[in-house]
Amino acid sequence: MSLLTVWPDTDAGTVELRTEDPQEITDVLKQFGVSFSRWELRELPERPSSEEVLEAYRAEVDEVIEREGYIKVDAAVMAPSQDPQWPAQAKAAREKFLSEHTHDDDEDRFFARGAGVFYLHIGDRVYAMLCEAGDLLSVPANTTHWFDMGTEPDFVAIRFFHDDDGWVGAFLNTDTAEKFPTFDELMASR
């Protein structure tokens, strides 16, 4: 199940809220313009291509494109591999998103498989949204956040963009992300 955990931004040891209730998650996040919803899962091949993922969710993807005006959509597929380069690739992919940053674009992600955590630093709180298969999270442009896919990333996520440049982050040079439980720690605590 999806999990929302909230802490003061100065004290990762004090959990103010921890919930798996979808309605409570929706209500808390919508205060900040963040939307959370769920889609019915579809069958996918073991190692799907971006095209196979998008085709499986064509109706939902088209509806989001129509509603939000996105012009580019793709699917990120991360899965453990026997390739000797996999550990280095996984580490590099994870580290790319682990620091606080913002985007000039909304960040909409649907998890078709696996999980990841979006940490939203809003006001004086950190909201860790552990998204799992079936979750669609929409984070408004310019929201300070970071993302952790874990030390062994294993997910399929559909990504939506308003321009052809795709993902462009403006990093904030803070150490806030280092002070909060990681994806692996949140998963282990369940």
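For all residues, glycine too, the Cβ spot is worked out from N, Cα and C.
According to Swiss-Prot, the protein carries these features:
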BINDING   His101, His103, Glu107, His145  Fe(2+) binding site
BINDING   His101, His103, Glu107, His145  Ni(2+) binding site
SITE      Glu100  site 'May play a role in metal incorporation in vivo'
SITE      Asp106  site 'May play a role in transmitting local conformational changes'
SITE      Arg109  site 'Important to generate the dianion'
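Shown on the structure are the features that Swiss-Prot records.
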residue : record                                                              : Cβ contacts under 8 Å, 6 or more apart
Glu100  : site 'May play a role in metal incorporation in vivo'               : His121, Thr144, His145, Trp146, Phe171, Leu172, Thr174, Thr176, Ala177
His101  : Fe(2+) binding site                                                 : Thr144, His145, Trp146, Gly169, Ala170, Phe171, Leu172
Asp106  : site 'May play a role in transmitting local conformational changes' : Glu68, Ser138, Val139, Pro140, Ala141, Phe160, His162
Glu107  : Fe(2+) binding site                                                 : Phe118, Leu137, Ser138, Val139, Ala141, Thr143, His145
Arg109  : site 'Important to generate the dianion'                            : Gly116, Phe118, Cys131, Leu136, Leu137, Ala157, Ile158, Arg159, Phe160
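Shown are the binding-site residues His103, His145; the one with the most C-beta atoms within 10 angstroms of its own C-beta is His145. Annotation note: Arg109 (site 'Important to generate the dianion') sits in a strand segment as assigned by DSSP. The Fe(2+) site, placed at the center of the C-beta atoms of His101, His103, Glu107, His145, has further neighbours from the same chain whose C-beta lies within 8 angstroms: Thr102, Val139, Thr143, Thr144, Trp146, Phe147, Gly169.
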